[in-house]
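Pasting the relevant annotations from Swiss-Prot:
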- 132: active site, schiff-base intermediate with substrate (ACT_SITE)
């Protein structure tokens with residue numbers, strides 16, 4: 001009998017949620033995703049020292065202004081790590097726009113253009129990149145414009161149906177609904193434990209997946225942020241699942257019989273008129289979990305971006 005991970009790959013595209021090249025070699029995912037927290041973690045791996053040095057040298061060659069050097073070094077490091085990962089995966093790398101731009105459409109678009117340019121200079125076509133943006137109204141609007149330019153986007157920090165619907169209506173290539181962080185909120189709020197079938201994160205992704213398929217939206221659903229393999233098994237059949245190394249290892253070392261739980265609708269019905277900004281903000285605001293977790297997610301990514309910049313500042317000073 002094939003292990004659980006190999007069975008899962010029959011129904012769902014598996015993506016590695018890591019910047020760790022050794023983990024990617026081990027589990028052979030189709031794609032990989034990174035975020036500011038994972039880049040910070042990866043930057044502390046000794047094997048990546050040369051990638052950091054390259055980013056620092058490049059940044060110094062671009063400008064004499066320290067703030068600009070820091071911005072450039074940070075972007076270049078994320079791209080350098082992405083380029084290394086793309087040597088190992090046949091599909092795409094997701095690289096995230098600075099979380100501090102989550103409420104600035106124009107600056108998010110400018111940062112996306114810069115990341116695409118840096119990848120191009122490194123010999124990587126935009127067809128192998130997904131630009132990650134927070135699923136704020138501004139992030140979704142930025143994605144809408146980028147998609148029209150042929151720059152595919154991954155809308156992340158997605159916790160609510162309103163966010164998912166707006167992303168699909170904007171023509172986003174892919175969304176990353178967060179499963180485990182939804183579970184965290186409900187466990188803390190209710191004091192209850194949930195089995196995988198009733199896990200609020202699993203229920204949320206299932207609802208989004210079914211809505212997309214019923215209404216003929218092409219936006220890819222990629223479940224993210226898992227707390228246990230039970231959540232993953234309950235989402236077998238989802239378009240993609242991005243999974244961290246520890247859970248990939250657990251799946252590879254287990255032999256649980258997998259059957260697809262999410263199955264695409266065979267017929268579609270017309271979607272409703274797209275949400276207006278006012279409708280989106282109201283619907284989103286009605287979900288206290290989503291409001292809390294989006295704000296927290298943006299803050300935490302910004303904190304880790306700041307930690308990375310402290311490390312890079314020290315290196316730029318040398």
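Just so you know, glycine gets a Cβ as well, placed from its N, Cα and C.
I would like each feature placed in context: is it buried or exposed, what are its neighbours, and how far apart are things?
Mapped onto three states, the DSSP output places residue 132 (active site, schiff-base intermediate with substrate) in strand.
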Taking the Cβ of residue 132 (active site, schiff-base intermediate with substrate) as centre, how many other Cβ atoms lie within 10 Å?
27
